[in-house]
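Sequence annotations record features per position, and here Swiss-Prot assigns domain 'ABC transmembrane type-1' to 19-208 based on sequence analysis. The transmembrane segment annotation in Swiss-Prot covers 25-45, 57-79, 86-108, 187-207 and rests on sequence analysis.
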Amino acid sequence: MLMYLLKYYPKILFIIEGTLVTLKYSVIAVILGLVIGMLLAICKVNKNRVLRLFANFYTSIFRGTPLLVQLSIIYFAAPYIINIKFNVFMAGVISFALNSGAYVSEVIRAGINTVDKGQFEAAEALAIPKFLIMKDIILPQAINNIFPSLVNELVNLIKESAIISMLGEMDLMRRAQIVSIETYNYFFPMLIAACCYYILVILISFIAKIIEKKMIVN
């Protein structure tokens, strides 16, 4: 192992640099997914039946089909369906965000349901607009309750983002594949990529625990 590290040090750095690409996809997608998830969750708890049906249908589609299929449709089929050609980055971010939004919506919906309904009724009795009730009273409490689940979604996105290598994006996985081919050694490059993913997950989990403790104190 040590001999390999010394011999292929530049190539190892080449693999590690892919961490930034992986993080870029994951962070942008989880932020967009959080926005989509919030909107869908609000639709799911809305009294309007059409909004509930739409949100549930959306969730069933994106949770019921593989992420790789969704990515392939957006990248390869979109030019024929909507006459728009997405580059690899846009296709990746869109597919990851849409998929993440479906899962996040269920997490947020569950969080909203954990908030005491009496708070909503009391706010309505004070004639507070429903939008402000949801924004200022319900959602902040729901986010506190579901923060660990949202962190898990980010962790899952980091690992699932490896499929973007199928489109040639130079992420961790793609760089490890290139080095594997160049060195005729598949074990060590993949091991290095796995270690990078693992370290990312550990760091994010550690930071999340610190944030969660501060949220509990506040």
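The backbone N, Cα and C atoms fix where each Cβ goes, glycine too.
Note: the stretches the transmembrane segment (25-45) and the transmembrane segment (86-108) are in contact (3+ CB pairs below 8 A, sequence gap of 6 or more). Listed by sequence, the residues of this chain that lie at least six past the ends of the transmembrane segment (57-79) yet keep a Cβ under 8 A from its Cβ atoms are 40, 85-86, 88, 91-92, 94-96, 98-99, 101-103, 105-106, 160, 163-164, 166-167.
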